[in-house]
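According to TrEMBL, the feature domain 'SAM-dependent MTase RsmB/NOP-type' maps to 51-415. The annotation S-adenosyl-L-methionine binding site is assigned in TrEMBL to Cys169, Ala170, Ala171, Pro172, Gly173, Ser174, Lys175, Asp200, Asp227, Asp253. The annotation active site, nucleophile is assigned in TrEMBL to Cys306. Residues or ranges marked as region 'Disordered' by TrEMBL: 423-472, 680-727. Residues or ranges marked as compositional bias 'Basic and acidic residues' by TrEMBL: 448-467, 680-697. What TrEMBL lists as compositional bias 'Acidic residues' is 698-709.
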Amino acid sequence: WGKKSSDERIAICESLIGWGAGYADIVKENKLFEHYYKELGLVPDGEFDQFMEAMREPLPSTIRITGYKSHAKEILHCLKEKYFKDLQELEIEEQKIDAPQPLSWYPDEQAWHTNISRKIIRKSPLLEKFHQFLVSETESGNISRQEAVSMIPPLLLSIQPHHKILDMCAAPGSKTAQLIEMLHSDMDIPFPEGFVIANDVDNKRCYLLVHQAKRLNSPCIMVVNHDASCIPTLQVDVDGKKDVLYYDRILCDVPCSGDGTMRKNIDVWKKWTTSNSLHLHGLQLRIAVRGVEQLAVGGRMVYSTCSLNPIEDEAVIAALLEKSEGALELADCSGDLPGLKWMPGVTSWKLMTKEGQWFLDWSEVPSSRHTQIRPTMFPPKDPEKLADMHLERCMRILPHHQNTGGFFVAVLVKKAPMPWNKRYPKTSAVPSPTPEGTPQEAVEDPPEEKSDTKGTEEAPKGSKQDKLCGPPPSKKIKLFGYKEDPFVFLTEDDPVFTTIQSFYDLAPGFPKLNVLTRTHDGKKRHLYMVSKELRNVLLNNSERMKVINTGVKVWSRNSDGEEFGCAFRLAQEGIYTLQPYIRSRIIQVSVEDVKVLLTQENPFLNKLEDKAHAQAKEMVMGSIVLKYIPNPNNPAEPQCPIQLCGWRGKTSIRAFVPRNERFHYLRMLGVEVFRDKQGLGQKSKDAETEANDKMERDVEEGEDVDLENGGENLSEPQTDSEGEVPL
C-alpha cells in the first residue's frame, strides 16, 4: 500500500466501496438548486444558462505567489520567463492549453490562472517540469495552489504590519498565509508589531493550519483551537495593567453550505438542499457576533462564505447590523479591487424549505417550523432601516463572470462599541475562566432579547432553539489535558545565552525575553522566537487559550558544537528573523558560491571564491550564516537577499537547507532543477521514493535535512544536453 501512488490508492478505495469511476459518475444536475436560484433572481436576466453552464465546468487551476516581496518578484520572473513560455501553444489529450494569465484584480501579477486541470498537470509528461516546480515551491512556501475567490477576503482587510489580526475559522490556512505575508511586507523588519492568531474548532485541521503557516517561518503567528462562536476574550499587559485584547482586523470566513464550490467539490451537486443553509445560519450569526465583539473601534472585519445563498450571506449581515444599533457599517469596497467583477448585495429575498415551500416573511412561518426557521433569516421589514444598511455594498461573485467559483464577501467597519458593551460596562475584577476557558466578562456578553412576543426574535444563546440552528455542542475543552508541550519563556540570565551570546556576538538589542522552548525539564532541544506582542498574549492567557503552535525555530541543539564553543546551531526556518541580530559567524557569498553550496554535499573551503574562502578560513568550526547580498548593478543576478544556515567544518563547508528550499534558491540563480525519472529500475525508483518521503517528512516536521545521510545526491551536478541539472 505504501508503495502505491495516490491515484492507485483512490482507485482501489473506489472499487471497494462501489463508486466505480467515482466523481465521473456524479451527474451535475440538481433541479431544486436551479429552481431556487432562478426564483431568487440573483443572476442577471438572460444569464442563468451561462451561470449553470459555468457551474458544470471544471474550475481553472490558480496559483498565488507567496513569500516576502523581493523573493516573490524573483519567483514571478522565473514563472514568466521559463515555465509559462513552455506552456504556450501546447495541446494535451486534444485540449488546447491556454497560456496562464494573471488575475486582473490581484496586485502586482502575484496570482495566475490557467485552464490546465490538476489531473493533466500531474499526468502529462510534457508538464512534468512544471509539476515538479509547483510541488517543490508549494512545499517550501513560495507558491500556494489557492482558489481565486479565496484570495479576496485578505485583500479587502487592508492589512498593515502593525495590525493585530484574528482569523476565526482559519483551516486549512491559505488565507492565513496571505495575512502573514502582509504583516511581513517589509523584509527589513524581522519583528512586525502586528500578529495573526489563527483559530479553528477542529483539532486535526489545526495541525494542517500549523503546517501551512510554518512554511512562511514567521514569529508573528499563533494557532489556537476553539469554537469560533465562543472564542475566549484575551487579555494583554498595557503599561503594567491588564486590558482586553481587541483586534484591528478580523477574518470571519464562516462554515457554509458551499454551493459556490460545486465546480471543484462535485459531490455538492447531489447533497445540496435548502435545509443546509437553514441549519448553518444560526452558527454563522453567532460567529459573526463574537467577531465584532472582539473588533477594535475603527477596525474592520471581513465576513465571507463560499455560498451564494442570501440566508447565509445578506441575512447574517442584516441581522448583525440590526443588533449593532449603528455601531457597525458596511464599507464601500467597490474601488478596492479594480478588475474584479461582482454583483451588489440584494435587499430582498425569500426562503424555501427542502420540500419546495416558500416563505416571504417570518409571520408566514408555522410554529411547528420555528425551531428550524428564525426571524433573522428574512430581510428587515422597515424600508428606512433596510436602506440605511446599504446591503448593496456586499459583494457576490458569480462563476460565469470571470471563470471562478461562487463567493460572497462583506466588509464591516466598527464605528463604536457594541451596544451591549455599553449597557454592561466591564467590571474591575476579572472572573475565573469557565472549564471551556471563556472568561464570562459582562463586557462581552451578547445582547439580551427584549421582546414581549415569544418567538419574534432570535433565541438567546444556550436555548434549545438556538442549538437546533447549528451543529451539536462540542465536548468541553480540558485546557490542561490536551497533548501539547508547554511554552516556556527563557529569562535574560538563562545559562543557555552565555555561549550563544559570545559565539554569535548577538547585538545588544537582541530580545532574549522573546525566546522560548517547549519543555520544563531536561536539556532544551530547540529554541523558538515569537514577537514581543505575541509573548504578551501568551503570558497573560495561558489558562484561557488552547495553543497548538507558535513561534519560529531559531536554534537547535547540536552536541558536537559544544567542543567548538556553542551547543546550538542555527536553524534555517528562523534565519531571516535572527540574522539581523547576529554580528559574527557571517560569510558573504556570491552567486557562484551559493550554487556550489547547494549542489555539493560537503565542498572543500577552496571551492568558494576568494572573498568567501578568506572569510571562512578565519572562522573556527561551527554553525555559520551564508549571506548573499544582491548587486543592483547586475540585474542578471537575483535582486533579493539570500541567507542560508551552514556549518564550517575542518576543511569543508556545507549548507543546512531543506531540499525544496535548495531547489527554490537554485531556480532563482538560474539553475534548472529537474528530477529525471527516465531509465530508473524499479528498485532504484522505490529507493528514491523512500528517500524522498523521508526527506519530506523531515521537512514537514521542521527538521533540517541532512543531505549526506539519506538525502538525494547533490554532489557535482551532471549537466544534460539542455544545460539542466537532473536531481
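Cβ from N, Cα, C; glycine included.
Automatic, uncurated: that is what TrEMBL annotation is.
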To see if you understand the setup: which same-chain residues, six or more apart in sequence, place their Cβ under 8 Å from that of Ala171 (S-adenosyl-L-methionine binding site)? Asp200, Asp202, Arg205, Cys206, Leu208, Leu209
Can you tell me how spread out the S-adenosyl-L-methionine site is, meaning the largest CA to CA distance among Cys169, Ala170, Ala171, Pro172, Gly173, Ser174, Lys175, Asp200, Asp227, Asp253, in Å? 20
Over the domain 'SAM-dependent MTase RsmB/NOP-type' (51-415), what is the model's mean pLDDT? 92
Mind giving me a neighbour count for Cys169 (S-adenosyl-L-methionine binding site)? Other Cβ atoms within 10 Å of its Cβ, every protein chain shown. 24
Tell me, how many other CB atoms lie within 10 A of the CB of Lys175 (S-adenosyl-L-methionine binding site), whichever protein chain they belong to? 26
Between the C-alpha atoms of Cys169 (S-adenosyl-L-methionine binding site) and Cys306 (active site, nucleophile), the distance in angstrom, to the nearest integer, is 13
C-alpha of Gly173 (S-adenosyl-L-methionine binding site) to C-alpha of Cys306 (active site, nucleophile): distance in Å? 15
Return only the integer: C-alpha distance in Å from Lys175 (S-adenosyl-L-methionine binding site) to Cys306 (active site, nucleophile). 13
Rounded inter-Cα distance in Å - Cys306 (active site, nucleophile), Asp227 (S-adenosyl-L-methionine binding site): 20
